[in-house]
Structures are given as structure tokens and as C-alpha cells.
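As recorded in Swiss-Prot, the features of this protein are as follows:
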- HIS17, ASP168, SER169, LYS170, ARG234, PHE235, ASP243, ARG249, LYS250, ALA266, LYS270: ATP binding site (BINDING)
- ASP19: Mg(2+) binding site (BINDING)
- GLU45: K(+) binding site (BINDING)
- GLU58, GLN101, ASP243, LYS274: L-methionine binding site (BINDING)
- 101-111: region 'Flexible loop' (REGION)
Amino acid sequence: MEMKDYIFTSESVSEGHPDKVADQVSDAILDAILTQDKRARVACETLVTTGMAVIAGEITTTAVVDYPKVVRETIKEIGYNDSAMGFDWETCAVLVSIDKQSPDISQGVTEGEGMFKEQGAGDQGLMFGYACNETPELMPMTIMYSHRLTQKLAEVRKNGTLDFLRPDSKSQVSIQYVDDRPVRVDTVVISSQHTPEVSYETIKEGIIEEVVKKIIPVELMDDKTRFLINPTGRFVIGGPMGDCGLTGRKIIVDSYGGHGAHGGGAFSGKDPSKVDRSAAYMGRYVAKNLVAAGLCERCEVQVAYAIGVAEPVSVMVDTAGTGKIPSARIAEIIREVFDLRPRAIIEQLDLLRPIYRKTAAYGHFGRELPEFTWERTDKIDIIRQKAGI
């Protein structure tokens with residue numbers, strides 16, 4: 001059989017990237033509302049551009065929230081604190097245009113209303129969960145290192161190690177795979193916004209020494225590994241001044257970095273009655289437990305819903321030929337072990353908490369924080385028992 005030898009690439013963006021600023025603002029508003037009202041319906045979209053943030057969407061809640069204050073606090077924490085950057089938390093305009101959720105949607109989602117009395121899905125759609133055994137977190141290696149690089153960029157910016165950095169940055173990691181196993185890092189790309197006076201050599205040396213070499217293990221690099229640092233040579237104008245930012249524009253960064261499939265629905269700004277978010281988290285929980293239980297080395301789970309209907313219309317699993325038992329049996333085990341109805345997902349993963357701002361930068365998956373309940377592997381024993389392994 002022919003040996004598979006290829007290079008796969010994933011990217012990440014930092015908390016200061018304009019699309020990520022928008023995601024974090026949307027989720028900060030969601031958290032502020034959930035703190036007061038767990039039954040709120042929230043669909044909050046954010047646009048950020050030079051000197052301005054626009055908040056729009058459909059929100060039905062009893063909570064009283066100072067939206068402009070939440071927006072400004074979020075922008076301040078990210079680090080846009082100087083109008084020389086083209087975006088400043090104190091002086092930017094904040095426009096708010098919020099409507100209520102449509103009663104036609106509400107009756108399908110609210111328990112006891114609509115054609116089906118159970119809490120139904122907030123929309124139709126398909127969602128995917130993914131896990132693989134490339135890293136201890138059971139995530140693809142390319143996306144994990146991409147996220148760690150952007151996190152490290154933010155860390156050295158905020159603690160003053162590289163005080164010439166500004167909030168907007170991106171990373172990209174290309175890894176060589178042989179027979180679907182990661183063997184070496186081929187290319188690392190980092191672009192980071194910086195102050196105007198710093199030299200290119202200072203930026204390049206600082207990022208390679210304080211970021212790349214602190215994150216990428218030496219055993220994964222060789223003399224052919226390339227570091228492309230700010231390859232245009234200059235990145236002073238960035239953030240919302242450089243590019244308009246919108247909620248939901250970084251869905252692959254948010255998930256698995258191009259590994260597996262994606263149903264197209266974004267996460268940020270949505271309360272967990274929206275299956276775009278809650279069912280994607282559940283898909284990760286299912287896939288991670290199946291891989292952790294040893295049923296497969298790689299696992300992709302698809303679930304699909306109809307608006308207003310609680311039970312998923314389909315559940316599919318694909319192990320890419322790595323399954324210890326047939327995929328049809330794994331799909332049955334998923335149905336037996338995991339309750340995939342929207343209300344049950346919310347209860348199992350305890351999703352009515354103000355935890356979402358934390359998810360909105362550096363990936364929704366693979367970070368084993370206490371709030372990220374979908375990263376637990378607490379179903380291993382029952383899965384193994386049912387699989388007979």
C-alpha cells in the first residue's frame with residue numbers, strides 16, 4: 001500500500017484580531033445577560049471598524065444590561081487602549097440595535113409551546129464534533145500549536161516581554177504527516193501588529209525566541225523548518241482599523257482548524273438553545289469520549305436537527321477506518337449513552353452559565369478548563385462496557 005505523506009496546515013488568530021474582537025464582545029454580552037437571566041434568548045452580532053462598534057441582534061430577556069459598558073470593558077481587556085491604534089475603548093462609538101426574538105421561533109424552542117411540547121432545536125442545521133489522538137487533549141496538532149502561539153503572543157505583549165507588540169496577530173502551523181501521523185513541523189507563520197518605530201530584525205528575533213521556540217517542541221523542528229515572521233515586513237495598521245471585524249467569521253479557527261467537517265454555524269453571541277453552539281459542543285464531547293475510550297483513533301460525529309423538534313433527525317459517525325468496532329454500532333452506542341435533545345445537552349454540559357467570553361478566543365475545543373464541560377472524558381467506562389472492549 002502506498003505510504004501517505006502530506007503537509008496539513010491550520011491557523012489561529014489572537015484576541016486582538018478584529019473578527020475575534022467581535023466574537024468576544026458578542027459573548028461578553030451573552031455572559032452579562034445569562035448572569036441575570038438563564039432563560040434569555042440571545043443572538044448578538046457585533047461589527048467593529050475604525051473607531052466604532054455596532055451591536056445588533058435579537059435578544060429576549062428580563063436582564064438589564066449596560067451594553068456600551070460591556071463593549072468598552074471587553075475592548076479594554078483585549079488591549080485597544082490608544083486611539084493611535086485606530087481603536088480605543090474609551091473613545092470608540094458604540095451603536096446598539098437590539099430586537100426581540102421572533103415569536104414564531106420562540107414557540108418552537110420554548111417548552112410547552114408549539115407543535116411539539118418538548119424544548120425543540122432553535123433552528124434546523126447540521127453540526128460536527130471531532131477528536132483524534134494526535135495530542136493529549138485529543139485535538140489535531142496543527143490547530144493546538146496555532147492556538148498556543150497566538151496565546152503566547154498575547155502573553156508576551158501583556159507582560160511587557162515584547163512591549164512593541166500590539167493586539168492584532170495571526171499564526172499558522174504546517175505539519176508533515178506520514179501515514180496520518182504528525183512527524184515534523186514544516187512551516188510556522190506569524191504576523192503580529194507592532195509599534196511603528198521597532199525594527200523588523202527586533203520583531204523577528206523577539207517572536208522566534210520568546211514565542212516560537214517556547215511553544216514548538218525542539219524534536220518537531222529540523223534544519224528545514226521555516227519561520228515566516230511578519231512576511232510583508234511591516235504590520236503597524238491592524239485591528240478594527242486595518243480590517244472590519246464581524247462575529248462568526250472565524251468558525252474554523254474556533255473548531256478544528258480544517259480537520260473534519262463543519263456545518264457552517266458560528267458559536268459566539270448565541271445562547272445554548274441555538275444548536276449551532278450547544279450541539280457542536282455536544283459533538284465534541286461525544287467524539288472525545290469515543291477516542292478516549294479507545295473505540296477509534298479518530299472520530300467525526302455529525303448530528304442534525306429540525307427547528308422545533310427535540311430529537312436529532314440524524315446521527316452519523318466516521319472513524320476514518322480506525323474503529324475497533326463497526327461504525328454502525330458506534331452510532332448506536334452514541335444514542336444509548338448520550339442524550340442529544342437540546343434541553344438534555346444544556347443540562348448535561350451545564351450550559352446556562354456565563355462561561356462564553358472565555359471560549360471566544362483561542363478555540364472552543366481542546367482547552368481543558370473547568371468551565372469547558374464538553375472536554376470531560378467521563379463516559380469512557382460505559383462506552384467500553386457497551387462496546388465490549
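Note that Cβ sites are derived from N, Cα and C of the backbone, with glycine treated the same way.
The structure, with features from Swiss-Prot marked on it.
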residue: HIS17; record: ATP binding site; DSSP (3 states): coil
residue: GLU58; record: L-methionine binding site; DSSP (3 states): strand
residue: GLN101; record: L-methionine binding site; DSSP (3 states): coil
residue: SER169; record: ATP binding site; DSSP (3 states): strand
residue: ARG234; record: ATP binding site; DSSP (3 states): coil
residue: ASP243; record: ATP binding site; DSSP (3 states): coil
residue: LYS250; record: ATP binding site; DSSP (3 states): coil
residue: LYS270; record: ATP binding site; DSSP (3 states): strand
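When each of the binding-site residues ARG234, LYS274 is scored by how many other Cβ atoms sit within 10 Å of its Cβ, ARG234 comes out lowest. The residue listed as 'K(+) binding site' sits 13 Å from LYS250 (ATP binding site), counting Cα to Cα. Of all the binding-site residues in the list ASP19, GLU58, LYS274, the shortest Cα-Cα distance to ASP243 (ATP binding site) is found for ASP19. Rounded to a whole value, the Cα-Cα separation of the residue listed as 'Mg(2+) binding site' and LYS270 (ATP binding site) is 16 Å. The L-methionine-binding residues named in the record, GLU58, GLN101, ASP243, LYS274, extend over a maximum Cα to Cα distance of 30 Å.
Rounded to the nearest whole angstrom, the C-alpha distance between GLU58 (L-methionine binding site) and ARG234 (ATP binding site) is 40. When the Cα of LYS274 (L-methionine binding site) is compared against those of the binding-site residues HIS17, SER169, LYS250, the shortest separation belongs to LYS250. Long-range C-beta contacts of LYS250 (ATP binding site), restricted to its own chain and to partners at least six residues apart, with a cutoff below 8 Å, comprise VAL13, HIS17, ASP19, LYS20, ASP23. There are 27 other CB atoms within 10 A of the CB of SER169 (ATP binding site), with all protein chains counted. Taking the binding-site residues GLU45, ASP243 in turn, the residue surrounded by the fewest other Cβ atoms inside 10 Å of its Cβ turns out to be ASP243. Across the residues of the region 'Flexible loop' (101-111), the predicted structure has a mean pLDDT of 68.
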